[in-house]
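The block underneath contains the structure these notes are about, expressed in structure tokens.
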Amino acid sequence: MVVLPVLGQLSDDYGRKPLLLITVSTTIFPFSLLIISKSKSFVYAYYVLRTISFIISQGSIFCIAAAYVADVIDDSKRTTGLCWMMGLFSASHVLGNVLARFLPEDSIFVSIAFLTFCPLYMALFLPETVTSAPIRDQRLPFLKKAFKIVEQRYNSMRRAAIIVISSPALKCISLISFFYELGMSGIATVLLYYLKAAFGFDKNQFSEILMVVGVGSIISQLLVFPSINPIVGEKVILCAALLSSVADVLLYGLAWAAWVPYLAASMGVVNVLVKPATYALISQASSSTDQGKTQGFVAGVQAIASLLSPLAMTPLTNLFLSRNAPFNCKGFSLVCASISVAISLVFAWMLKRNPSNQTSENDEENIEAPLLS
């Protein structure tokens, strides 16, 4: 919740490349520790490092990458670029599931090789798109320098909040993201447990469901979205994806046979378009100098939802899977989550068709004025 908005702001001030290098590099260390030693104490250390790594990298890689896409691609082609970015991620997800399914457990070094390739490639070939802000007051005492850094981050955070709140489009997108993530993150937390308890699914069957979703995601993001977006626009695609998500979650929650979750998973072909459509709408509604701030702020809103949702979903799922359930509906918690996704659909329907908010110079002055007072 804290790190995502800050990293987005830093990418606007000091460049996308160093922030991407930092976030990607932090994912390498936990897995490297597992290879060094397989003793129990190191496994605990792995989870500590993995938690720290997730705080820095989970979500931030995509919001900074979306800001980078906005820097290098024209407005008319930006949505297609974002679709390809998410589509390639889906392709890598499918390949990763395939490798995890068939490679022996001691072949984790393969993952390390792929992870190491990413920062090396970025360091050598990724051009910077943002001019770094000059670093001043290098001779200040340590305490004053630390206070200055905190003050700058606070002002930047405040500026990002003002930008989002003052823009009807960005404010609406934030609400869409919050309620969508509130429902979907809770579902992701309990889905495997629910499928195992209700239908006896094991990890291989769950992997099959993920692969069905992944294959459909590749097709929809790389082919379908770029083809239909010029015709209907991002808003229509977002509404269709959210409507499909509501139906998907209801199918999971009301599943009456073991084959129904596979049918629900097949709807991921449409559901997965929520993310690229949201990235595209945020990008369109932001000025070129505030891409990182707005993408990071909305990602922070999603992180808040990801924190709150499992707190309600986990005990509710446990209750309806137990013998003390008030009535017979094992997936009732998922049905409740679908209500949150439906609320996000309502806000998406209220969104203006072309949420352009390219901030003018006068608006920039009005935003800066409170910060300088």
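Just so it is clear, glycine is given a Cβ too, placed from its N, Cα and C backbone atoms.
Feature transmembrane segment, per TrEMBL, maps to range 206-224 of the set 130-148, 206-224.
Long-range contacts of the transmembrane segment (82-102) within the same chain: residues 62, 65-66, 69, 110-111, 204, 207, 210-211, 214-215, 217-218, 220-222, 225-226, 229, 272, 275-276, 279-280, 283, each at least 6 residues beyond the stretch ends and with a Cβ under 8 Å from a Cβ of the stretch. Between the transmembrane segment (332-351) and the transmembrane segment (161-194) there are 3 or more Cβ pairs closer than 8 Å, counting only residues 6 or more apart in sequence, so the two stretches are in contact.
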